Amino acid sequence: MAKSRFEYVRQFESQNLLLPQTYIVVRIDGKKFHEFSKFYNFNKPNDERALKLMNACAKNVVLTYKTDMILAFGESDEYSFILKKDSQLYNRRYDKLSTLIVSLFTSNYVHLWPKFFPDVQLSPKHLPFFDSRCVCYPNIATIKDYLSWRFVDTHINNLYNTVFWQLIQVCGMTNQEAEDKLSGTVSSEKQEILFTDCKINYNNEPEMYKKGSLITKKGELLHIDVIKQIDELFKGFE
């Protein structure tokens, strides 16, 4: 950077460093994706094209930073990237990690869009964008709980959305009628409603919808029960 009398303004910059020897989770989340998916007429309750696009973007992010990443887990319009506790990526600067990962993901989303939506052109008035945050977790046990939390969230949201939209699309209910029917129900009751009213066995739904998507540091894409295999996923990172 060139020297000048104006360089003093750099003194006003601050660097927020993330705690050392902690696991870092960079979670990105789509902003106004309800409006975005509606504008581009995404299939409900799940759009396979959109989910595969998210996975492709996440895979490219993981492979870019594979030396520092343990894995990434995604569902719907969000993805969590888990970094090793001894990672020194960008000197653990919050602003760098947050902005660079989310911008890399977003640029991939725009670039890869035609591959997954070949007949749909992105509109300048409806472009995808994501927010991002970095959170430090003190130990491997907490990181495992974090991943389990996102996995359970995937199941809860997908089960509800699957039954909700099938009641509308198959049974002809209104949005309000479907919402009223599901109000106060537990998971087993939702699955029974789906089977009895819509003739759909939830167990036969695609694994990607039910379990989310996990990407290993080698770029391998898995759709698995995270809770059952969580110890194996973090083997060697204790």
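Cβ atoms are placed via backbone N, Cα and C, with glycine included.
Here the structure is a predicted model, which means the values were calculated and not measured.
Feature list (source: TrEMBL):
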- 6-138: domain 'tRNAHis guanylyltransferase catalytic' (DOMAIN)
- ASP29, ASP77: Mg(2+) 2 binding site (BINDING)
- ASP29, GLY30, ASP77: Mg(2+) 1 binding site (BINDING)
- ASP29, GLY30, LYS31, LYS32, PHE33, HIS34, SER76, ASP77: GTP binding site (BINDING)
- 142-218: domain 'Thg1 C-terminal' (DOMAIN)
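One way to see the shell of the Mg(2+) 1 site is to take the Cβ centroid of ASP29, GLY30, ASP77; the remaining same-chain residues with a Cβ within 8 Å of it are ILE28, LYS31, PHE33, SER76, GLU78, PHE130, ASP131. Predicted-model confidence for the domain 'Thg1 C-terminal' (142-218) is 96, expressed as mean pLDDT. Rounded to a whole number, the C-alpha distance linking PHE33 (GTP binding site) with ASP77 (Mg(2+) 2 binding site) is 7 angstrom. In sequence order, GLY30, PHE33, LEU51, THR154, ASN157 make up the list of same-chain residues 6 or more apart from SER76 (GTP binding site) whose Cβ falls under 8 Å from its Cβ. Distance from the CA of ASP77 (Mg(2+) 2 binding site) to the CA of LYS32 (GTP binding site) is 10 Å. ASP77 (Mg(2+) 2 binding site) is 9 Å away from LYS31 (GTP binding site) when you measure Cα to Cα.
Here the C-alpha separation of HIS34 (GTP binding site) and ASP77 (Mg(2+) 2 binding site) works out to 10 Å.
Summarised by DSSP class, the composition of the domain 'Thg1 C-terminal' (142-218) is 56 helix, 4 strand, 17 coil.
Here ASP77 (Mg(2+) 2 binding site) comes close to ASP29, GLY30, PHE33, SER37, MET54, PHE130: these same-chain residues lie at least six apart in sequence, with C-beta atoms under 8 angstroms from its C-beta.
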